[in-house]
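TrEMBL has this to say about the protein:
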- 105-127: transmembrane segment (TRANSMEM)
- 133-154: transmembrane segment (TRANSMEM)
- 175-196: transmembrane segment (TRANSMEM)
- 202-219: transmembrane segment (TRANSMEM)
- 228-245: transmembrane segment (TRANSMEM)
- 251-272: transmembrane segment (TRANSMEM)
- 322-342: transmembrane segment (TRANSMEM)
- 354-374: transmembrane segment (TRANSMEM)
Amino acid sequence: MASLSVSHASLFSTHPTTRMLKHHPTLTTPFTNPFLFSRKISSYSSSYKTRVACMSTTTSPVEKGNRKPINVQPNVEVDRVSQLVDCLPEGIQPYAKLARVEKPIGTWLLLFPFAWSATLAASAGSLPDFKTLAVFACAAPLLRGAACTINDFLDRDFDKMVERTKLRPMASGAVTPFQGLCFFAFQMLLSHGILGQLANNSLMYEALFLFLICTYPLMKRMTYWPQAYLGLTINWGILLGWHAIKGSLQPSIVLPLFLSGYCWTIVYDTIYAHQDKEDDVKAGIKSTALKFGESTKEWITGFATACIGSFALTGYNAALGWPFYAFLAAAAAQLAWQIGTADLSSPADCNRKFVSNKWFGALIFSGILLGRVFS
């Protein structure tokens, strides 16, 4: 759930401040150094205080009269830690970054398949069950955070070799592997307690979901298609969502919906993977971005077409009303915009296109909701 992981992406500069911080003796013990998560980077302070943000970047020096950070490279977008994380106690901040609290896009991408399915399972002419949607909304951040945590645990050595990820908490040493595993177990137990509030919760589906979360990070070592495995993982909520309402599955509706989400995941995560392709080659990490290469847009256009076609079949089989197709057309246009305008050589633009998928998911959800109400 990289995308889980998700939330969300730029390259680091090699500013001297960064090099000094990497070897500064006071940064070797996590949580005991008050400067590890301080407010700003400042080249004028003798203490060189820094906030180490998960997947953050270092900016270039600034002129004395203008202290606004600037990028040392064009097309590089600086990730800023959210105000929520800023206000947390210093001892908790690394765990918040480990769960990607400051990058909510991954939570949205995990939540939408749950919400689509639960809304689609509502009776014709009815609104979806609010309690079920609320349960999924509460569980999604924990499940996404757990996926990011186990991903960072398994990838901690790889992350050190990738510019975009080398300051993640476990790669940088801010969180030990044991602490990370304990945090993972805490998130999974809490999410299990929340999912237990569903009318038709399934331990089997939960167990399979846990298996997918734990094994996904290994796929990038084994195949050029880890995005395909991520599609299984992040869209598992479609099965959970439908089962939570109906207590069973209806293949004519659930399978095309699952295929839609699966193809969508390959599209957005392939674009996302283009951010790291140069570092991935050096580290021996595989992805569809490397597999497709110069033919990426042709490949993801095919997956996007299959995605929209499967959504249309889902709507037809579920007897959704006309609003669904209007929103589906808008979602198709958004996906076409992503693919058509994506600059795959620009990490910043790849990240912008990746983050824009929250609008695609929202359009599909709105279409299913109104389509069910007017069916």
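Numbering starts at 1 and runs along the chain as it is shown here.
The backbone N, Cα and C atoms fix where each Cβ goes, and this holds for glycine too.
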| message | Are there residues at least six beyond either end of the transmembrane segment (354-374) with Cβ under 8 Å to its Cβ atoms? List them, or say none. | response | 3, 8-9, 105, 108-109, 112, 115-116, 119-120, 122, 124-128, 264, 268-269, 271-272, 311, 315, 318, 320-328, 330-331, 334-335, 338
| message | Against the transmembrane segment (228-245), which of these stretches has the most C-beta pairs under 8 Å: 105-127, 175-196, 202-219, 251-272? | response | 105-127
| note | Near the transmembrane segment (133-154) in space but 6 or more residues beyond its ends, with Cβ under 8 Å, are 1-2, 4-7, 98-101, 106-107, 110-111, 114-115, 118-119, 168-171, 177, 180-181, 183-184, 187-188, 190-191, 194-195, 197-198, 209, 213-214, 216-218, 233, 237, 241, 244
| note | Sequence-distant residues near the transmembrane segment (251-272) by C-beta distance (under 8 Å, 6 or more away from its ends) are 2-3, 9, 109, 112-113, 116-117, 120, 227-228, 230-232, 234-235, 238-239, 242, 287-289, 292, 296, 299-300, 303-304, 306-308, 310-311, 313-314, 317-318, 335, 338-339, 342, 344, 350-351, 353-354, 357, 360
| Which bits of the chain, at least 6 residues beyond where the transmembrane segment (202-219) starts or stops, bring a Cβ under 8 A of a Cβ in it? | 1-2, 4, 143, 146-147, 150-151, 154-155, 188, 192, 195, 225-226, 229-230, 232-233, 236-237, 239-240, 243
